[in-house]
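Visitor: TrEMBL lists 1-393 with the feature domain 'Major facilitator superfamily (MFS) profile'. Annotated transmembrane segment per TrEMBL: 45-68, 88-105, 117-135, 147-165, 203-220, 240-262, 269-291, 303-328, 340-359, 371-389, in sequence order.
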Amino acid sequence: MEEGATSRSLLQKQKLDDNEELIRISCGEEDEGLLLQSDQSSSTITVVVVLSTLIAACGSYAFGNAVGYSSPAESGIEDDLGLGSEEYAVFGSVLTIGAILGAISSGKFADFFGRRGAMGAAEMFCILGWLAMAFSKDAWLLDLGRFLVGCGIGVLSYVVPVYIAEITPKNVRGGFTSLSQEYTENLQLISEDGIRHLFQKKYAYLIMIGVGLMVFQQLGGLNGFGFYASTIFESAGCSIKLGTIAAAVVQISMTAVGVFLIDKCGRLPLLLISAAGSCIGCLLTGFAFFLQDLQCGKDLVAMMVLIGVLVYWASFELGMGGIPWIMMSEIFPINIKGSAGSLVTLVSWIGSWLTSYTFNFLFEWSSAGPFFIYAGVCGMGVLFIAKMVPETKKLALEEIQASITVQ
């Protein structure tokens, strides 16, 4: 008995290569082993790590194409296939339905095929989906194609950030993981044992953080601005081409700024600035449409909407776009990682579907209404982040999880 107890507390070292050492800590029956990297390897960045990260982050390119496609293609698809606004709302939102199913099955993919195999399988779903949309002559094939793309990005949304977080050193983990930005999540198949661990009281705080961040990210207007940018600009009398190009430039630029700042300034300050800025962007856009409804300041409406949309995207991409996914890959212990990721991701995709499906109806009811609703959600997000979300900058995964679980 004594010998067995002693063996459970030993540190077992396994050489990985000349520069890195892996330490396994056995913690007994209740807690599973934790993997720690020695300090010597924590700052090592190799060419293989950089290239692997860049290749894995290509999954976000597939995600970005899928999310951004419905906005500029709206008028063309409606004309070619004769779709009404309700049918197009289904087309826009069916992506998230596929993503929910893909997210639920992504853990199974990762278990059977490994991280790389799962990414490859997901890309095949995306390829088939895009081909179906490209050659569709009927609405059902168009929706099927977008559904398949959703399944693919649902799988990618789990695999990409977890893979990157696992292969990168802790001092640059935030920047590397944020390359996959807002559109990657951490998910695994829910198991009976995982559910049992998930609903223990000591993990309630972690679940609140994960679910809360995803709720405020999605219900703060992400898919309203993303899926229906063309509708927003056209209704305001602003050039669609100018607006979409400007928004794309701002998104790319601010994502790069966020990657640079995340490991210097920390997660929490960027989240607070991002949520507050998103709120301001929504208020500006909503106020512009409010003036339009009152037939006041007609010359200012287009400019105010453009500024509001750009402020929203600049703020969102700085923090709320990618950091919630980074936080999710950091805060959950290994024994609940799959179950917690499944729950949080499911909440995120449901919120994504809700926003994308309801925007058209809300916008027809009141052009200013949806943006004021989004502003209120973003404002509540600021309070939630300030009160609930911890700072995880430059902490080892085990240090983050231990400190939060203790709270």
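Start at 1 and count along the chain as shown; that gives each residue its number.
Note: Cβ is positioned from N, Cα and C throughout, glycine not excepted.
Curation does not apply to TrEMBL; its annotations are automatic.
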Visitor: Out of 88-105, 269-291, 303-328, 340-359, which stretch has the largest tally of CB pairs under 8 angstroms to the transmembrane segment (240-262)?
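Guide: Against the transmembrane segment (240-262), the leading stretch is 303-328.
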Visitor: What residues elsewhere in the chain lie close to the transmembrane segment (203-220), defined as a C-beta under 8 angstroms and at least 6 residues from its ends?
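Guide: Residues packing against the transmembrane segment (203-220) from afar: 182, 197, 275, 278, 282, 316, 320-321, 323-324, 327-328, 331-333, 336, 340, 343-345, 347-348, 351-352, 354-355, 374, 377-378, 380-381, 384-385, 388-390, 404-405, 407.
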Visitor: Sequence-remote contacts (6 or more beyond its ends) of the transmembrane segment (117-135), Cβ cut-off under 8 Å?
Guide: 56, 59, 62, 66, 102, 106, 109-110, 141-142, 144-156, 158-160, 163
Visitor: Using a Cβ distance cut-off of under 8 Å, indicate which of 147-165, 269-291, 340-359 has the most pairs with the transmembrane segment (371-389).
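Guide: Maximum Cβ contact count belongs to 269-291.
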